[in-house]
């Protein structure tokens, strides 16, 4: 068809006669002619189609078709061929320099006598001349060819280039000597070719980078250029001075000239070798000027690149990555606190001592971080790289594909935490895409973003853990402190030099951590194979002091927390236990007497020199020979009878033995926070679920990935209007917490928004194993209205309400029922993260909590802070000498390198303050202990595994003090309810003065001086303040009797001197101080009363004298009857993790226990 159209077109142009082969002119075409033309063309196509299409040749006409362009492609554009040309050119220039040195060494200047003849003429041997002519000819032709190829229209610009002029100066004279033989001995400065060699070397490196498609460090190129510049300067000066000094009296050799140049350029200037004639002196001046101009520019460029490299961090070498182990830390911004927490925890384990840490951060390291990285302890093990995780080049610099682990931490200081999570998710995806085999440890902030990184090996969701910890703090006091101590690495040496007993015991117990070992490999547990879990836990604690908390079956990946007596220990079980150190690092010393006493009678145990503590022997007596005859309750009470004094009367109540294989029928239920011997029949009616409630799984989950937990639920969801506490609706007419008439005290949560994390606060408080009669109403005090999605999720839980308000508004606090609350939880707010100074992010929260502490001193306030260092401002008193002494103790522990220097702060020890950054170590520990996150989630109730237990607490009542020791309590719980105690929360009340003399320097002064002084001076009037202490009578008290005696004598002597100077001034100022405090208290009380009357709330206690004790405990939080008590009383509360078996129990001790599932739940 193309030929047809072409023929038709040609026919129209040439005329019909030519196209038809006719000779007629001006004759029109007929239809027959056109048909004949078409037939002819079709016949031609049929005959020649195969030949025509088989000979088609397509050519792409480009500029490279010309001879010049092809030469340019070979010499300049093509990287590989151009690289070969550069290498050849570099070798030619080096060869010319070598030939010049040979010419100098074979020179004989004796034939020339005139000074200028010695400068302009040399003795050049014929072979040397011939080689130089050949090399010069090749260089000349190459230079002219490159000039022709690089011509761009301005010939003069190319001719006056320095490189071209040097080329002509060193090549053209040699070519002229071919045609003019008399000029063969003319001096030609061939040594200047060293600068051309330097230029060729630079071009060669550039072509090399283009050819291999790899970019080397700019620092390497700059260092190479600087070295070449120095060599060229020295070589030029050496050759020039040597040649010019030929005309002097004493000619210099090349070596002497080199020596002179080195001494001159190094500014030493010995003066033993000096130029003698003015041309050489002029050359020295010129060379010095050139060096002063060229070298500073080179050094400036080098220093600039060095500073930039210091900012970016350089590269982690591939050789080191293949021979050494390293872990990568990816953060968006690096602060010193975060860095020190990571390094201290990561290198706390012997397993990681040989690891390198590569930090990959997009921001430049600040001055504090740089100072830390310059410390010799970290400078050899920590490498800082500035770069982005989203760039493969930066991941390659960090050798991510060879890393043993990658930690990706979120920026919790961002005001928009959702955006911070999105960045973390992209970083995790980038690392997984680049290095799919690298283990990932990811920290996420929001629970709804957790499912995006579920592929990671370990994930810690901050809000999940935070709200679960805060919720358990309301039920089990100081759970946050307990978990923080367990996830921190410590040797238990903190506070051991303190004169205070509670600090020594608290510091020693803080060294307990969670470890694991296989049963068949364990000295602790292998003897309990085929025994029940409870039996193994009790006897391991009695014998070795370790606390067995969980196991993992060989055929099951799930960890079971206290599976109970039904579980029989097998050889393949993995045991998880709490101890000061792991078993592999323990030394076992078995006494010979203990082996001999195994086969003796029970009466010989008391008399055998076994070396066991007395309390442990008593506990053993309860296990070996038990007496159940007096354990049944007598009379009207069902409580255990206390032991008779002085051994008179009936025998001491005994404890049931822990059986090797326990029958499920012998297990007794143990309710949370209730007495073991309490009559359960009295509460049977209250525990029966009402018709409107049931136990089941929450129907609505606020986010993907939440673990299902059995909870107390409503049969019919509460309408959204009924969830509003401070507004009446058509279903409920109440407008404040008092009108609801709750039987239990409230739990108030103050948060900025109703995020999905609050769901994890409600679930533990509504878990099915919490007795229904003990459920506390929950009030969410929110700054902003919650959305319908969140209300839909919480509407199925009983006694959960919300209201809009803030903690800095007294009206909001009173309306939400702060007077009837047992706990107030203050959650950190995201809006405070945008503070200009990082540590000021907690300023508003701290001041608001301090105000509530002054208004409601008996209210238990649990506060979350952003920075742990700010906890020293919680419940701040300006003249609190005890807090000042604790601050000094904290500084000493920090100087000793403790990771838990803040542990002695009273708010943290008591569990009143918590920072989520304390749990960062949970993610770090997973690198060595991969089981820490599952165990922590089981303890907090975030995960529920069938057959696994949960954490709860029990309070030691007065009727339980006959148990006496923690070891006997361990046996009692194991034998009755199969519960495993893991620690004690102890509170000691201390009364000391509002202000102390300045002479009191230590903590012992505060507790001992005035009590000793008053006892010596007999001033013990009832209306005067006294120092009342009640120390725990544990094993630590008897371990150091000399220290206690010495401390008492020292305080008595110091108190006598102090009392003589301060008695009169102190007692004279005491009434004035009490009056001022009473006035402040009255103002606060009047303020609260007025606000309650304004809001229409019932005050109910205008006459303070008519209040009963119940009213005081349940309603009065304003300080009416407390007088100076709340102002002068400090309660020292602290956590003892896995204390010694012979630790004495005290009244109101709260025991943390791991409750076992001994019965199924009916849904």
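Here, residue 1 is simply the first one shown, and the rest follow in order.
For all residues, glycine too, the Cβ spot is worked out from N, Cα and C.
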Per TrEMBL, the range holding transmembrane segment, considering 47-69, 162-184, 185-207, 277-299: 277-299
Annotated range (TrEMBL: region 'Disordered') out of 991-1016, 1017-1042, 1043-1068: 1017-1042
Transmembrane segment per TrEMBL - which of 14-32, 223-241: 223-241
Contact check, the transmembrane segment (277-299) vs the transmembrane segment (223-241), 3+ Cβ pairs under 8 Å, seq sep 6+: yes
Intrachain residues whose Cβ lies under 8 Å of the transmembrane segment (253-271), provided they are six or more past its termini: 101, 104-105, 233-234, 237-239, 241-242, 245, 284, 287-288, 291
For the transmembrane segment (223-241), sequence-distant contacts whose Cβ falls under 8 Å of one of its Cβ atoms, 6 or more beyond its ends: 97, 100, 104, 189, 191-192, 194-195, 198, 201-202, 205, 252, 254, 257-258, 260-262, 264-265, 275, 280, 283-284, 287, 290-291, 294-295, 298-299, 302
Contacting positions for the transmembrane segment (126-150) when only residues 6+ beyond its ends and CB under 8 Å are counted: 68, 71-72, 75-76, 85, 89, 92-93, 95-96, 99, 102-103, 106, 158-159, 164, 167-168, 170-172, 174-175, 177-178, 184, 190
Surrounding residues of the transmembrane segment (87-106) on its own chain - C-beta under 8 Å, 6+ positions past either end: 122-125, 128, 131-132, 135-136, 138-139, 142, 170, 190-191, 193-194, 196-197, 200-201, 204, 235, 239, 242-243, 254
Integer average pLDDT (0 to 100) for the domain 'RCK N-terminal' (744-884): 85
For the domain 'RCK N-terminal' (324-460), the number of residues DSSP places in helix, strand and coil: 59 helix, 28 strand, 50 coil
